[in-house]
Amino acid sequence: MRALQGLRGPRAPALPLLLLCFLAAVRRSLEDGLSTAAPFTSLPVQEEITTKYSNLSLESHNISVTEHSSMPVEKNITLERPSNVELTCQFTTSGDLNSVNVTWKKGDKLLEDNYLVNAMGSILYTQYRVAVIDSKQMGSYSCFFGEKKQHRGTFNLKVPEINGKNKPLITYVGDSVVLMCKCQDCLPLNWTWYGANGSVQVPLGVPVNDKYVISGKHANETRLKITQLSEDDQGTYWCHAIFELGESGGHVELVVLSYLVPLKAFCAIVAEVVLLVTVILLFEMYTQKKKKPSDDGKEFEQGEQMKLDDSNGIENSGPRHRKNESVGQ
(Lines of atoms letter the chains of each structure in order from A and count residues from 1; the text may use other names and numbers.)
(Lines give C-alpha, C1' and ligand atoms only; values in the text may rest on other atoms or scores of the structure.)
Protein backbone atom coordinates (compact mmCIF):
# COMPACT_ATOMS: atom_id res chain seq x y z
CA MET A 1 0.00 0.00 0.00
CA ARG A 2 1.22 3.44 -0.86
CA ALA A 3 2.17 5.34 2.32
CA LEU A 4 -0.13 8.19 3.21
CA GLN A 5 1.43 11.62 2.79
CA GLY A 6 2.29 13.44 6.01
CA LEU A 7 3.90 16.59 7.27
CA ARG A 8 7.24 16.78 9.04
CA GLY A 9 7.72 19.27 11.86
CA PRO A 10 10.90 21.42 12.16
CA ARG A 11 13.58 20.32 14.61
CA ALA A 12 14.23 22.79 17.43
CA PRO A 13 17.82 23.27 18.66
CA ALA A 14 16.99 22.84 22.35
CA LEU A 15 13.76 21.60 23.83
CA PRO A 16 12.85 19.72 26.97
CA LEU A 17 12.87 15.95 26.67
CA LEU A 18 9.12 15.71 27.21
CA LEU A 19 8.40 18.10 24.35
CA LEU A 20 10.75 16.18 22.07
CA CYS A 21 8.91 12.95 22.81
CA PHE A 22 5.57 14.64 22.11
CA LEU A 23 6.75 15.98 18.74
CA ALA A 24 8.12 12.57 17.78
CA ALA A 25 4.80 10.92 18.56
CA VAL A 26 2.91 13.51 16.51
CA ARG A 27 5.29 13.06 13.60
CA ARG A 28 4.87 9.28 13.62
CA SER A 29 1.10 9.57 13.71
CA LEU A 30 1.11 11.89 10.72
CA GLU A 31 3.39 9.57 8.75
CA ASP A 32 1.08 6.62 9.55
CA GLY A 33 -1.83 8.37 7.82
CA LEU A 34 -3.70 9.88 10.75
CA SER A 35 -3.56 13.35 9.28
CA THR A 36 -7.05 14.72 8.58
CA ALA A 37 -6.22 17.72 6.46
CA ALA A 38 -2.95 17.01 4.66
CA PRO A 39 -3.24 17.83 0.90
CA PHE A 40 -1.72 15.77 -1.92
CA THR A 41 2.01 16.32 -2.20
CA SER A 42 3.48 16.18 -5.70
CA LEU A 43 5.80 13.32 -6.51
CA PRO A 44 9.01 13.98 -8.48
CA VAL A 45 7.48 12.15 -11.46
CA GLN A 46 4.43 14.41 -11.36
CA GLU A 47 6.58 17.53 -11.14
CA GLU A 48 8.56 16.37 -14.17
CA ILE A 49 5.38 15.76 -16.18
CA THR A 50 3.89 19.11 -15.14
CA THR A 51 7.05 20.93 -16.19
CA LYS A 52 7.49 19.07 -19.48
CA TYR A 53 3.86 19.49 -20.57
CA SER A 54 3.04 22.74 -18.84
CA ASN A 55 1.56 24.10 -22.06
CA LEU A 56 -1.23 21.51 -21.99
CA SER A 57 -4.57 22.20 -20.35
CA LEU A 58 -5.37 20.42 -17.08
CA GLU A 59 -8.53 18.33 -16.70
CA SER A 60 -9.59 17.00 -13.30
CA HIS A 61 -12.09 14.18 -12.83
CA ASN A 62 -13.40 12.43 -9.71
CA ILE A 63 -15.08 9.16 -8.78
CA SER A 64 -16.66 8.25 -5.43
CA VAL A 65 -16.63 4.64 -4.23
CA THR A 66 -18.03 3.28 -0.97
CA GLU A 67 -17.55 0.02 0.88
CA HIS A 68 -21.16 -0.84 -0.01
CA SER A 69 -20.59 -0.49 -3.77
CA SER A 70 -21.38 -3.87 -5.32
CA MET A 71 -20.69 -2.79 -8.91
CA PRO A 72 -17.70 -0.91 -10.35
CA VAL A 73 -18.17 2.84 -10.75
CA GLU A 74 -17.25 4.13 -14.22
CA LYS A 75 -16.85 7.55 -15.78
CA ASN A 76 -16.30 8.32 -19.47
CA ILE A 77 -13.90 11.15 -20.29
CA THR A 78 -13.83 12.55 -23.82
CA LEU A 79 -10.53 14.03 -24.99
CA GLU A 80 -10.14 15.69 -28.37
CA ARG A 81 -6.62 17.09 -27.97
CA PRO A 82 -3.55 16.46 -25.72
CA SER A 83 -4.12 17.36 -22.06
CA ASN A 84 -2.84 16.81 -18.55
CA VAL A 85 -5.44 14.59 -16.86
CA GLU A 86 -5.81 14.34 -13.10
CA LEU A 87 -7.84 11.34 -11.89
CA THR A 88 -9.01 11.21 -8.27
CA CYS A 89 -10.82 8.36 -6.51
CA GLN A 90 -12.29 8.70 -3.05
CA PHE A 91 -13.23 5.67 -0.96
CA THR A 92 -15.55 5.95 2.03
CA THR A 93 -15.38 3.24 4.68
CA SER A 94 -16.20 2.72 8.35
CA GLY A 95 -13.15 0.53 8.86
CA ASP A 96 -9.50 1.26 9.40
CA LEU A 97 -8.08 3.28 6.49
CA ASN A 98 -4.57 1.96 7.17
CA SER A 99 -5.72 -1.57 6.33
CA VAL A 100 -7.05 -0.58 2.88
CA ASN A 101 -4.70 -1.44 0.05
CA VAL A 102 -4.74 0.99 -2.91
CA THR A 103 -3.59 0.14 -6.44
CA TRP A 104 -3.98 1.61 -9.94
CA LYS A 105 -4.14 -0.19 -13.29
CA LYS A 106 -4.23 0.87 -16.93
CA GLY A 107 -6.25 -1.90 -18.51
CA ASP A 108 -4.66 -5.01 -16.98
CA LYS A 109 -1.26 -3.40 -16.42
CA LEU A 110 -0.35 -2.48 -12.85
CA LEU A 111 0.77 1.13 -12.38
CA GLU A 112 3.45 1.47 -9.74
CA ASP A 113 4.40 5.13 -10.07
CA ASN A 114 2.83 8.52 -10.30
CA TYR A 115 -0.12 8.12 -7.92
CA LEU A 116 -0.73 9.45 -4.42
CA VAL A 117 -2.74 8.29 -1.42
CA ASN A 118 -4.09 10.44 1.38
CA ALA A 119 -6.69 10.20 4.17
CA MET A 120 -9.15 12.75 5.44
CA GLY A 121 -11.54 11.65 8.18
CA SER A 122 -13.23 8.44 7.06
CA ILE A 123 -12.41 9.02 3.39
CA LEU A 124 -9.38 7.65 1.59
CA TYR A 125 -8.21 9.59 -1.48
CA THR A 126 -5.94 8.48 -4.28
CA GLN A 127 -4.87 10.49 -7.28
CA TYR A 128 -3.22 9.60 -10.57
CA ARG A 129 -1.93 12.14 -13.08
CA VAL A 130 -1.11 11.37 -16.70
CA ALA A 131 -0.03 13.53 -19.63
CA VAL A 132 -2.13 12.37 -22.59
CA ILE A 133 -0.15 13.34 -25.69
CA ASP A 134 -1.15 10.58 -28.14
CA SER A 135 -3.27 7.46 -28.45
CA LYS A 136 -0.89 5.40 -26.26
CA GLN A 137 -2.16 7.13 -23.12
CA MET A 138 -5.82 6.61 -24.00
CA GLY A 139 -7.78 3.76 -22.46
CA SER A 140 -9.14 2.73 -19.06
CA TYR A 141 -7.55 3.75 -15.76
CA SER A 142 -8.87 2.01 -12.63
CA CYS A 143 -8.33 2.58 -8.93
CA PHE A 144 -8.73 -0.43 -6.60
CA PHE A 145 -9.43 -0.38 -2.86
CA GLY A 146 -8.93 -3.54 -0.79
CA GLU A 147 -7.45 -6.93 -1.57
CA LYS A 148 -9.91 -9.82 -1.05
CA LYS A 149 -13.01 -7.76 -1.82
CA GLN A 150 -11.89 -5.04 -4.17
CA HIS A 151 -13.90 -1.92 -4.89
CA ARG A 152 -13.13 -0.37 -8.25
CA GLY A 153 -13.56 2.97 -9.96
CA THR A 154 -12.72 3.27 -13.68
CA PHE A 155 -12.03 6.29 -15.89
CA ASN A 156 -12.47 5.61 -19.63
CA LEU A 157 -10.41 8.02 -21.72
CA LYS A 158 -11.60 8.10 -25.33
CA VAL A 159 -11.93 10.39 -28.33
CA PRO A 160 -15.33 11.93 -29.27
CA GLU A 161 -17.98 9.61 -30.64
CA ILE A 162 -19.21 9.80 -34.23
CA ASN A 163 -22.94 9.79 -34.95
CA GLY A 164 -23.94 7.92 -38.09
CA LYS A 165 -27.47 6.71 -38.84
CA ASN A 166 -29.12 4.11 -36.64
CA LYS A 167 -31.77 3.03 -39.14
CA PRO A 168 -30.97 1.68 -42.62
CA LEU A 169 -31.16 4.20 -45.47
CA ILE A 170 -33.43 2.80 -48.22
CA THR A 171 -33.19 3.91 -51.87
CA TYR A 172 -33.66 2.49 -55.38
CA VAL A 173 -31.52 1.35 -58.29
CA GLY A 174 -30.36 4.22 -60.51
CA ASP A 175 -30.84 6.90 -57.85
CA SER A 176 -28.21 8.93 -55.97
CA VAL A 177 -27.85 9.01 -52.20
CA VAL A 178 -25.91 11.10 -49.64
CA LEU A 179 -24.58 9.42 -46.48
CA MET A 180 -23.65 11.66 -43.55
CA CYS A 181 -21.70 11.32 -40.28
CA LYS A 182 -21.40 14.02 -37.64
CA CYS A 183 -19.33 14.72 -34.54
CA GLN A 184 -21.08 16.73 -31.84
CA ASP A 185 -19.04 19.64 -30.41
CA CYS A 186 -15.71 18.50 -31.87
CA LEU A 187 -13.44 19.30 -34.81
CA PRO A 188 -11.65 16.29 -36.34
CA LEU A 189 -8.42 16.82 -38.23
CA ASN A 190 -9.64 14.76 -41.15
CA TRP A 191 -12.42 12.43 -42.32
CA THR A 192 -12.19 9.17 -44.29
CA TRP A 193 -14.86 6.85 -45.73
CA TYR A 194 -14.70 3.08 -46.20
CA GLY A 195 -16.90 0.66 -48.09
CA ALA A 196 -17.27 -3.09 -47.61
CA ASN A 197 -15.60 -5.63 -49.85
CA GLY A 198 -16.60 -8.82 -48.13
CA SER A 199 -15.14 -8.54 -44.64
CA VAL A 200 -12.51 -5.93 -45.68
CA GLN A 201 -12.97 -2.17 -45.47
CA VAL A 202 -11.93 -0.41 -48.68
CA PRO A 203 -11.06 3.33 -48.67
CA LEU A 204 -13.33 5.47 -50.82
CA GLY A 205 -11.17 8.60 -50.90
CA VAL A 206 -10.43 8.53 -54.65
CA PRO A 207 -13.44 9.15 -56.96
CA VAL A 208 -14.21 6.27 -59.32
CA ASN A 209 -15.95 7.62 -62.45
CA ASP A 210 -17.48 10.31 -60.24
CA LYS A 211 -19.38 7.59 -58.40
CA TYR A 212 -18.14 8.66 -54.94
CA VAL A 213 -17.89 12.29 -53.90
CA ILE A 214 -16.79 13.23 -50.35
CA SER A 215 -17.69 16.67 -49.03
CA GLY A 216 -18.76 18.52 -45.87
CA LYS A 217 -20.26 21.91 -45.15
CA HIS A 218 -18.69 22.04 -41.67
CA ALA A 219 -15.55 20.61 -40.08
CA ASN A 220 -17.55 18.45 -37.68
CA GLU A 221 -19.43 16.57 -40.42
CA THR A 222 -18.72 14.59 -43.58
CA ARG A 223 -20.90 13.54 -46.51
CA LEU A 224 -20.46 10.73 -49.02
CA LYS A 225 -22.47 11.01 -52.25
CA ILE A 226 -22.94 7.81 -54.26
CA THR A 227 -24.39 8.12 -57.77
CA GLN A 228 -25.85 5.58 -60.23
CA LEU A 229 -26.76 3.13 -57.52
CA SER A 230 -26.98 -0.57 -58.21
CA GLU A 231 -27.88 -3.49 -55.98
CA ASP A 232 -24.14 -4.16 -55.54
CA ASP A 233 -23.79 -0.81 -53.72
CA GLN A 234 -25.91 -1.84 -50.77
CA GLY A 235 -24.15 -2.69 -47.53
CA THR A 236 -22.39 -0.93 -44.64
CA TYR A 237 -20.32 2.25 -45.08
CA TRP A 238 -17.93 3.42 -42.33
CA CYS A 239 -16.88 7.00 -41.61
CA HIS A 240 -13.71 7.63 -39.58
CA ALA A 241 -12.81 10.87 -37.83
CA ILE A 242 -9.11 11.42 -37.16
CA PHE A 243 -8.07 13.28 -33.99
CA GLU A 244 -4.70 14.01 -32.43
CA LEU A 245 -5.37 11.27 -29.86
CA GLY A 246 -6.78 8.61 -32.15
CA GLU A 247 -9.67 7.74 -34.44
CA SER A 248 -13.38 7.34 -33.94
CA GLY A 249 -15.85 5.77 -36.34
CA GLY A 250 -19.51 5.48 -37.20
CA HIS A 251 -21.43 3.57 -39.85
CA VAL A 252 -24.43 3.89 -42.16
CA GLU A 253 -26.41 0.94 -43.53
CA LEU A 254 -27.52 1.37 -47.16
CA VAL A 255 -30.30 -0.73 -48.74
CA VAL A 256 -30.73 -0.52 -52.53
CA LEU A 257 -34.02 -1.88 -53.89
CA SER A 258 -35.13 -2.68 -57.43
CA TYR A 259 -38.25 -1.01 -58.79
CA LEU A 260 -39.75 -4.48 -59.08
CA VAL A 261 -39.98 -4.62 -55.32
CA PRO A 262 -42.84 -2.08 -55.00
CA LEU A 263 -44.42 -3.60 -58.15
CA LYS A 264 -44.44 -6.99 -56.48
CA ALA A 265 -46.13 -5.49 -53.46
CA PHE A 266 -48.75 -3.84 -55.70
CA CYS A 267 -49.40 -7.12 -57.53
CA ALA A 268 -49.79 -8.89 -54.20
CA ILE A 269 -52.40 -6.33 -53.11
CA VAL A 270 -54.29 -6.67 -56.42
CA ALA A 271 -54.26 -10.46 -56.09
CA GLU A 272 -55.67 -10.23 -52.59
CA VAL A 273 -58.47 -7.91 -53.79
CA VAL A 274 -59.34 -10.23 -56.71
CA LEU A 275 -59.40 -13.23 -54.39
CA LEU A 276 -61.69 -11.42 -51.95
CA VAL A 277 -64.10 -10.36 -54.71
CA THR A 278 -64.15 -13.92 -56.08
CA VAL A 279 -65.00 -15.34 -52.67
CA ILE A 280 -67.85 -12.82 -52.27
CA LEU A 281 -69.30 -13.66 -55.74
CA LEU A 282 -69.12 -17.40 -55.08
CA PHE A 283 -70.86 -16.91 -51.75
CA GLU A 284 -73.63 -14.88 -53.45
CA MET A 285 -74.10 -17.55 -56.13
CA TYR A 286 -74.28 -20.28 -53.50
CA THR A 287 -76.86 -18.29 -51.55
CA GLN A 288 -78.98 -17.73 -54.67
CA LYS A 289 -78.93 -21.43 -55.56
CA LYS A 290 -79.97 -22.35 -52.03
CA LYS A 291 -82.94 -19.98 -52.19
CA LYS A 292 -84.16 -21.13 -55.66
CA PRO A 293 -85.50 -24.64 -54.70
CA SER A 294 -87.55 -23.22 -51.87
CA ASP A 295 -89.06 -20.62 -54.23
CA ASP A 296 -89.95 -23.32 -56.80
CA GLY A 297 -91.67 -25.32 -54.07
CA LYS A 298 -93.77 -22.32 -53.07
CA GLU A 299 -94.80 -21.69 -56.72
CA PHE A 300 -95.78 -25.36 -57.10
CA GLU A 301 -97.90 -25.22 -53.96
CA GLN A 302 -99.54 -22.04 -55.17
CA GLY A 303 -100.36 -23.68 -58.57
CA GLU A 304 -101.85 -26.75 -56.94
CA GLN A 305 -103.95 -24.54 -54.70
CA MET A 306 -105.29 -22.62 -57.71
CA LYS A 307 -106.19 -25.87 -59.50
CA LEU A 308 -107.96 -27.08 -56.39
CA ASP A 309 -109.92 -23.85 -56.15
CA ASP A 310 -110.91 -24.07 -59.83
CA SER A 311 -112.16 -27.62 -59.43
CA ASN A 312 -114.16 -26.66 -56.37
CA GLY A 313 -115.74 -23.81 -58.32
CA ILE A 314 -116.86 -26.12 -61.15
CA GLU A 315 -118.37 -28.63 -58.75
CA ASN A 316 -120.23 -25.91 -56.89
CA SER A 317 -121.68 -24.47 -60.14
CA GLY A 318 -123.41 -27.80 -61.12
CA PRO A 319 -126.03 -27.80 -58.33
CA ARG A 320 -126.73 -24.13 -58.94
CA HIS A 321 -127.61 -24.82 -62.62
CA ARG A 322 -129.89 -27.69 -61.68
CA LYS A 323 -131.61 -25.56 -59.07
CA ASN A 324 -132.16 -22.80 -61.52
CA GLU A 325 -133.67 -25.18 -64.08
CA SER A 326 -136.09 -26.58 -61.53
CA VAL A 327 -137.20 -23.14 -60.55
CA GLY A 328 -137.83 -22.19 -64.18
CA GLN A 329 -140.10 -25.12 -64.68
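Every residue gets a Cβ built from N, Cα and C, even glycine.
Quick look at what TrEMBL annotates:
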type     : residues : note
SIGNAL   : 1-28     : signal peptide
DOMAIN   : 72-143   : domain 'Ig-like'
DOMAIN   : 160-258  : domain 'Ig-like'
TRANSMEM : 263-283  : transmembrane segment
REGION   : 289-329  : region 'Disordered'
COMPBIAS : 293-310  : compositional bias 'Basic and acidic residues'
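The helix, strand and coil residue counts that DSSP assigns across the domain 'Ig-like' (72-143) are 6 helix, 45 strand, 21 coil. For the domain 'Ig-like' (160-258), residue counts in helix, strand and coil come to 3 helix, 56 strand, 40 coil, using DSSP.
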